[in-house]
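Colleague: If you scroll down you'll find the structure; I have some questions about it.
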Amino acid sequence: MKVKVLSLLVPALLVAGAANAAEVYNKDGNKLDLYGKVDGLHYFSDDKSVDGDQTYMRLGFKGETQVTDQLTGYGQWEYQIQGNAPESENNSWTRVAFAGLKFQDIGSFDYGRNYGVVYDVTSWTDVLPEFGGDTYGSDNFMQQRGNGFATYRNTDFFGLVDGLNFAVQYQGQNGSVSGENDPDFTGHGITNNGRKALRQNGDGVGGSITYDYEGFGVGAAVSSSKRTWDQNNTGLIGTGDRAETYTGGLKYDANNIYLAAQYTQTYNATRVGSLGWANKAQNFEAVAQYQFDFGLRPSVAYLQSKGKNLGVVAGRNYDDEDILKYVDVGATYYFNKNMSTYVDYKINLLDDNQFTRAAGINTDDIVALGLVYQF
């Protein structure tokens, strides 16, 4: 009986937000759940910048309040704290923090730090034991977590079509710290939460649509964001008025089998190490997993991001280059719903060459070994 329960629980545990959250309060239409995990994690690699302790923890809550029979308020917050640094360093940050209202079948609207709608599709392949989901990144326009997202979501198409979901999203500008890079000193591009150019974004809009039926899923998402002054005028590659993303994905999740693939094409939106962005990039991720009843979940995946027409890097002109390319082989063993251990081997297929060195892109293999407690 225990092994059968594990086979049912594990897919739920893979969903962001920890499906097995601890209920703290549930009374009079008010509900509060607490969730989190501690990952005792170690990397083994010839790349000394990542080799060693990578321990971290995450803690979050989800809350709901019943305003009326048809209106529900909700909020979520999630925080990450690194456990591999001395106490004198501040290595912690907010992953998500948003609040919203849900109007029964009409849909929901929320605002705050959240996931971009592109991730509605690309998240299907972001399920590896440790690695994966790195053909994009956080604070990368509307591709993953970011600030200032206003999101409308509709589930089951107004209650009329089971499994048909769509979302529309707007992201406000997150610009520079002080505008000191603007020679006109006009102040455009300055925001109260300024950051370096690689993490900035202008106003953006996006949308996604997904359909799930008996274990099969298909989805598509698009986004288009203005780029900031800093992003186009501080010597970074991949300049342009807008950053655009177009993605499509497929998945199968049934009978203990999980298969997923996504293809994304971006313009001025995929980061090239520390150098800037690819004028055009083609990103591909595919993963296959199987859940054994006794708790073992092996995983194999392939990920590639190829930059096109990159331009001049360190005095040399580059056309097409692989930004990321690796095979991932791993496995997770679930002792129960709260305790698991995993190993994940990232087999790096990139060559150590002038381009990867100039961009600061790692070309070494990494083996990750982790022991996880989650609630």
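Yeah, the Cβs are placed from backbone N, Cα and C, and that goes for glycine too.
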Colleague: With the domain names in Swiss-Prot as our guide, do Ala197 and Gln231 land on the same side of the membrane?
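Modeller: Yes, same side.
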Colleague: Are there residues at least six beyond either end of the transmembrane segment (202-212) with Cβ under 8 Å to its Cβ atoms? List them, or say none.
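Modeller: Same-chain contacts beyond the flanks: 116-118, 120-121, 141-142, 163-173, 175, 218-228, 243, 245.
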Colleague: How about long-range neighbours of the topological domain 'Extracellular' (349-364): same chain, 6 or more residues beyond its ends, C-beta under 8 Å?
Modeller: 45-47, 49-50, 272-275, 313-314, 316, 318, 321-327
Colleague: Are there residues at least six beyond either end of the transmembrane segment (92-103) with Cβ under 8 Å to its Cβ atoms? List them, or say none.
Modeller: 58, 60, 67, 70-82, 109-115, 145, 149, 151
